[in-house]
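A.B. asks: Okay, so TrEMBL annotates it like this:
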{"type": "DOMAIN", "residues": "B:1-104", "note": "domain 'HPt'"}
{"type": "MOD_RES", "residues": "B:47", "note": "phosphohistidine"}
{"type": "REGION", "residues": "B:177-216", "note": "region 'Disordered'"}
{"type": "DOMAIN", "residues": "B:280-495", "note": "domain 'Histidine kinase'"}
{"type": "DOMAIN", "residues": "B:497-638", "note": "domain 'CheW-like'"}
{"type": "DOMAIN", "residues": "B:655-787", "note": "domain 'CheW-like'"}
């Protein structure tokens, strides 16, 4: 089990202006918007099912998970495909950033004034030169039933 | 003997694998001489082979491994430390074991003279004896003697291969620098054998070796002895052609197989997409290539599915022991007969089948087969017969469990069912015996007059049925009081790919497993059979009230159902579904087609939704959800309540399917549809006479004809046409042709028979389709005609 502080490289993305990062080792791939099959009666956090080369992947809307307003306008969400407890899940995000190397940068605890739903899925904060990277706990992030 | 051969084959595969491990262990042991772990592993391997060889009456193999085991146990327990002579002796034993296994594989026995075990045994015994004497010198010299004599002996008796190896072994033993008085026999290895034919293995010293003490030992290839012996093939056998059992099978990780199945499923879908496109294209080459791809993909799919197949023998194998234990426990005498070991099915299904099968066997022994004394009193052999049979039939696996016990008494079942409140007395009265017997599959039913610890706790057959239906199978029970019971379980070959009906709702498609599908009904707007009971839509379908569920409503977000339910139902298609005891109609807006779908699991975020069984990928690459019919019914509040189903059954029970006929210039008669095997038309010229009886040649035999009209006292007008209409009625394996004027209709209707018109051959008269119709008693008609059917 890799300690939280061993992670140096993050795959980053934006949701509603917030800058998030997931350990690159947890990320399988990043995809543009994919056609989705909605799942009636499922939690609102589940936006649908994606055919990822024959594997059926559940798409979880991080906006819903974070308690943020739904996506508006023409922009289609992007998919960050992560592995969590043996399953492959797609996190729907607004925009994809670069892979960021944070070697040598400090870990800061989560500021307590962040909304509870954001705190719920964030491990820590890593201050970068020009922004604050919220380190996402992907196992927590895909628990839509807890939202 | 077939069974033996099978066991030996399994033993060989297992032993060869073990020996490979053993070789590695032994070599590693040379590096780490003190490793208890390695010694234990080697000991276990040899012990296993010894145990099995004793069991299979392979005496020589057993003796060989026995001494090896003794030596290994001393090594393991630290009574002796590893020395090079010991390593050599052990390696030689392993090689000899391997040679013996090859012989066994070829001949099925281990007494082939080409492999001699005695010298090896002697060598190891000598080493063991050396330990007792605790004289280090003896421990060194004795094995050498034994080994060399073994080499000689091996050559004399058989192939040169064995000799070379044996000598090489001896060399390995001689490699010890402190071996004082021996020399390398390497250059004598060809000449010695021929001159020593009378030598017995027990003879201790080989003179040529002892006579040249000063010469240094030449060890050309000390690695050689570790290599396995080439099997000594008899001259008349082509060693290249034969593939050994070990080469013919490979152990593969199940996960890898599952992954292959996934990939093939994906390939099949891609092929489907491609086929759709190429159907529109004009390119002939492309079309050809895609057709080839189609074929290859289909065959690949089939082959890969086969890799997941396992013989049902794996489940059968546990039965003899279970039956034996149960017979002791229950005081029964039972002969178990099993057939169809090799019948294969998907391993996941095999796993799911174990429980229900075990239960059914227990049930047969506890409730079916009587105690020996009771059997004797009933004039049956004291020991009962339990017959397990598995076979493939029309793409399914059928497993039959047959006992020759007391059968199931419908009256007992009926009284228990009434006592337990499963059904009412009135309902029982309307059921036929087969339906009554099948009541044992209802929840909470047990007929054991006393609760035993084998079965009879009231959680039996319903669980069996539920479990088998869960894997897409069905159970059926046939019984004859006093003669026995047969339970027939049908299950699909595989779960990974199932046939399904694809329906459309909203913008999406949903797949419904064909196993749950009963029929499709198309309703127009204002169909009088569509009604609402307190807002809930129901359909009158052949006299039964079918609760309707709209797929659109079922899929609508919670809270919107109530509003939607008030809306009017337009023209719609009803998919009649059945799961467990629940039958309902699902209203869908579109019906696409049926297709084979690859079932894929859905993520844990969706596991709480009982209405989905999984998902699949359609030809266009989009994902479609697979509906779980049981879950859907439960979520929609359609319960198989006892009153509900019993009510449905009772209305059904009153009704009978009848074949309505025309006779004697417009008179009507009806036969129970169940008595009709086939309808045939025969040209009049085909009718021949045999004595006074009319017959036609039919299906390679003779079909006696009975004219129905005179048999029930009506004028015969069936000669009016060029052909005659015949209803084929089967009695056992014989058939009778009932000649009629023509077939009018098949109706399912409530029959209230009136004794009016009661006469021979007619049980009564009823009004069917507003016409007076004679209800024909076929048995008495056949008897009247005197046809020996």
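Glycine is treated like the rest: Cβ placed from N, Cα and C.
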A.B. asks: Counting CB pairs under 8 Å, which listed stretch among B:1-104, B:280-495, B:497-638 touches the domain 'CheW-like' (B:655-787) the most?
C.D. replies: B:497-638
A.B. asks: Just to confirm my parser: what is the rounded mean pLDDT across the domain 'HPt' (B:1-104)?
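C.D. replies: Looking only at the domain 'HPt' (B:1-104), pLDDT averages out to 78.
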A.B. asks: Relative to the Cβ position of the residue listed as 'phosphohistidine', how many further Cβ atoms are located within 10 Å?
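C.D. replies: That number is 17.
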A.B. asks: For a three-state summary based on DSSP, what are the helix, strand and coil counts in the domain 'CheW-like' (B:497-638)?
C.D. replies: 24 helix, 75 strand, 43 coil
